[in-house]
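Feature annotations, reproduced from TrEMBL:
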ACT_SITE  Ser167  active site
ACT_SITE  His194  active site
ACT_SITE  Asp290  active site
DOMAIN    3-120  domain 'Response regulatory'
DOMAIN    155-338  domain 'CheB-type methylesterase'
MOD_RES   Asp54  4-aspartylphosphate
Amino acid sequence: MIRVLVVDDSAFMRKLISDFINDTPGMTAAATARNGKEAIETLKKGNFDVVTLDVEMPVMDGIHALRVIMKEHPTPVVMVSSLTREGASKTMEALHAGAVDIILKPSGAISLDLHKVKEEMISKIKMAAGVSIQKQFRSMSGNDRHRKDFKLKRYVNPKKVLAIGTSTGGPKALQHIIPRIDDRLQAPIFVAQHMPPNFTYSLAERLNKESRIFVKEAVDGELAIKGTAYIAPGGKQMEVQSVGDELYIKVSSPKKHHVHSPSVDLLLSSLADITGYVMVGLILTGMGRDGADGLRQLKENKDSIAVIESENSAIVYGMPKAAKEKVDIDYIYSLEEIPHFLNEMFTSPSA
């Protein structure tokens, strides 16, 4: 039985979320709290598998409470946030502070239509219950076994591209990787992170402040240049197109059949159609199978390299595992090793 602590300053929202949980076999809303302070006191008294934590609350808000929870009562936390630029910024802060995932209230602080995200909420709570919270904070050992030695295969072609796909746990993984990339980066980076609108802008802004390379949210039609990481806009699709000797970014609205937006598969498949580059596809932590088909298409290019995050470090191993099952993976590295691999691959002129 998954025991959930529901934290929200609205009595209506607490009841609605609790009802969703109690209506689901194998789950129970074991307790509720009106603010962060009450949540911490409740955690002292009982054992819980997951906490759903509102961002905006009186007395003690969700961000402050999250930091205390991670320090004193490490428990998987799913943040509940409103879909606003300010809410996005605070929720990004929460993801960097250790929250596993986010759930968006469809229409503000008190969402009468919360049922629209009931299925997503239950799915994310179940996923969070299986997360090892220690993986969020420990430094990876870097002792994973790899199919190949760290000494990389050399490529004559100096033109390279890096594409990164991730979902649950991605913001924290990107925070570890992107700021550690050398500013001599000889390639553009394209990132598809499953996120709603507004949130990717905050993600790009935060990463840019911490990084030596330039990080920005991608804009439709812009020229992709070396030394820049482009974050796919939340709720949109990002593809890459070749025009002459240049690469341009295409940002579009998702089609009805698209399961994810941004889609890792769509990004990678667009790169698979481009010749004349060494393409590196990297799949990080995430729930589901997005990226596996796209990475398979990318590998059909003889100069493409498939890389996944190891099970040892991935907060959720779903996406790397799916890729491994479908693709002949070239390298498997822990989160701690990935920046070293990328710097060797993309800053060395002979790599």
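A Cβ is built for glycine as well, from the same backbone N, Cα and C atoms used for every other residue.
Overlay of TrEMBL annotations on the structure.
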| residue | record | DSSP class |
| --- | --- | --- |
| Asp54 | 4-aspartylphosphate | strand |
| Ser167 | active site | coil |
| His194 | active site | coil |
| Asp290 | active site | coil |
Of the recorded positions Asp54, Ser167, Asp290, which sits closest to His194 (active site) by Cα distance?
Ser167
What Cα-Cα separation, expressed in whole Å, is found between the residue listed as '4-aspartylphosphate' and Ser167 (active site)?
21
Roughly where does the domain 'Response regulatory' (3-120) sit in mean pLDDT, to the nearest integer?
90
Residue pair Ser167 (active site), Asp290 (active site) - Cα distance, angstrom, rounded
9
